[in-house]
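Right, one structure below, let's go through it.
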Amino acid sequence: YFQFVQQWPPATCIRSTKPCSKHRPLQIFTIHGLWPSNYSNPKMPSNCVGSQFNESKLYPQLRSRLKRSWPDVESGNDTKFWEGEWNKHGTCSEQILDQIQYFERSHEMWNSFNITHILKNASIVPSATQTWKYSDIVSAIKAVTKRTPALRCKSNPTQPKGQAKTQLLHEVVF
C-alpha cells in the first residue's frame with residue numbers, strides 16, 4: 001500500500017533544523033511524499049534499488065503543477081526535494097508507478113484530497129491561536145474523502161509557559 005502524506009508548512013518550518021525564514025511558509029497543505037509501505041513493517045520499504053531520479057522526465061506542465069502541490073518548504077529547492085523523495089521512496093514503487101506516474105499520481109491525489117479546502121469548508125483553518133479537537137479534524141476529512149486519515153501532530157515549541165499543552169497539526173496521512 002502507499003501512504004500519501006500532506007504537510008502543513010508552518011508546522012514543518014517550526015520543526016525544521018534549517019529554518020524556513022528565507023521562504024514565507026505557504027498557508028496550504030502541500031505534499032510531503034507518496035511512500036510505498038507494507039503491512040508487516042510500515043516503515044519499509046525505503047531506499048530501494050531502482051532507476052535514479054531523472055529531472056528531464058518532469059515535463060514543463062508537470063513541473064509547474066509540482067511547484068504548487070509539492071514545493072520544498074524548507075530550503076526552496078524543489079527539484080532536490082523531488083529527487084530525494086523519488087530516490088528514497090519512488091524507486092520502491094517502480095513495479096507499479098514509473099517516475100512520471102509517481103509524480104503525476106501524487107499531484108492528482110493532492111487535488112482529490114485537498115486538505116486545505118476540506119478543512120476550510122468545515123470552518124477549520126489552521127491557526128496559532130485557534131484550536132480544534134483531533135476528532136473534529138478527522139471527522140471533517142472523513143466526511144469528504146470517506147477515508148480515515150492519520151493525523152501527525154507535534155508539540156508547539158512557541159507555546160507560552162503555563163498554558164494548557166497544545167499540539168500543532170503537522171501531517172495528514174492516507
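Using N, Cα and C of the backbone, Cβ positions are placed for all residues, glycine too.
The active site annotation in TrEMBL covers H32, E85, H89.
Structural mapping of features recorded in TrEMBL.
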residue : record      : Cβ neighbours (10 Å)
H32     : active site : 23
E85     : active site : 21
H89     : active site : 22
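The two recorded residues, H89 (active site) and H32 (active site), have Cα atoms 11 Å apart. Recorded residues E85 (active site) and H32 (active site) have their alpha carbons 9 Å apart, per Cα-Cα distance.
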